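Data first, discussion second: the structure below is written as structure tokens.
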Amino acid sequence: MANTAQARKRARQAVKQNEHNSSLRSKLRTSIKAVRKAIETGDKAAAAKVFAATQATIDKIADKKIAHKNTASRQKSRLSAAIKAMAA
């Protein structure tokens, strides 16, 4: 239990930040699912459009260190490869 006023405040801030970060991670997972769904439908143009928006989301979350930069890079790479493989 937090004993000082500063520790109590930091505990409150940690809870608030955790909720915010959780919502951003959820947004990231939702956008990745949207790209995968677009890939499954077979519409390459739509998949590329959704991927562009998802790529921006992934970058923002990696910049805020909510997701590791290597994880973000791997996700973008795999989604991009899946879109490129649609033509083949």
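Backbone N, Cα and C define each Cβ position, glycine as well.
Long-range contacts of the region 'Disordered' (1-29) within its own chain (CB-CB distance under 8 A, at least 6 residues past either end) are made by residues 57-58, 61, 64, 66-67. Taken from Swiss-Prot, the feature region 'Disordered' covers 1-29 (among others).
Annotated region 'Disordered' per Swiss-Prot: 69-88 (among others), in sequence order. Helix first, then strand, then coil: DSSP counts for the region 'Disordered' (69-88) stand at 17 helix, 0 strand, 3 coil.
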